[in-house]
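> The structure under discussion is supplied below as structure tokens; questions concerning it will follow.
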Amino acid sequence: MRPDHRMGPPHDEEPHMPETIDAVPEIDDLRREIDELDATIIAAIQRRTEVSKTIGKARMASGGTRLVHSREMKVIERYIDALGPEGKDLAMLLLRLGRGRLGY
């Protein structure tokens, strides 16, 4: 066995690349779509956070609590129903963005 085989193909050989040249433009298009979706999602999260903070301030100004546990549980349930178990983590993050961490 030649020593250079331990480190990969000999230096005069190109590593084998699968034929994916035709897929590159499609991948680029899909990545652009993901970037656009991310921008839309970020804008929606920012707006959701603003609305949630406004609701919290209004509730506290009228003598209520900053949050309503039953409402938060419905939000978490909605995300779990739509996205599966991972939806819980996303819902909790969105709730925290809108009201801040509990106990802090």
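Quick reminder: no glycine exception, Cβ is built from N, Cα and C everywhere.
Not my notes, these are from Swiss-Prot:
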| type | residues | note |
| --- | --- | --- |
| DOMAIN | 23-104 | domain 'Chorismate mutase' |
| BINDING | R59, V68, E72 | chorismate binding site |
| SITE | R59 | site 'Important for catalysis' |
| SITE | G100 | site 'Important for activation via AroG' |
| SITE | R101 | site 'Important for activation via AroG' |
| SITE | L102 | site 'Important for activation via AroG' |
> For the recorded chorismate site formed by R59, V68, E72, which further same-chain residues have Cβ atoms within 8 Å of the site's Cβ center?
I55, G56, G64, T65, R66, L67, H69, S70, R71, R99
> Radius 10 Å, atoms counted are CB only; among the recorded positions R59, R101, which position scores highest?
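In terms of Cβ crowding, the pick is R59.
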> Based on DSSP, tally up the residues of the domain 'Chorismate mutase' (23-104) by helix, strand and coil.
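Helix, strand and coil residues of the domain 'Chorismate mutase' (23-104) number 68 helix, 0 strand, 14 coil.
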> Taking the residues the record says bind chorismate (R59, V68, E72), how far apart in Å are the two Cα atoms that sit farthest from each other?
15
> Could you give the Cα-Cα distance between E72 (chorismate binding site) and R101 (site 'Important for activation via AroG'), in whole Å?
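Rounded to a whole number, the Cα-Cα distance is 13 Å.
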> Pop the Cα-Cα gap between R59 (chorismate binding site) and R101 (site 'Important for activation via AroG') into the table, whole Å please.
17
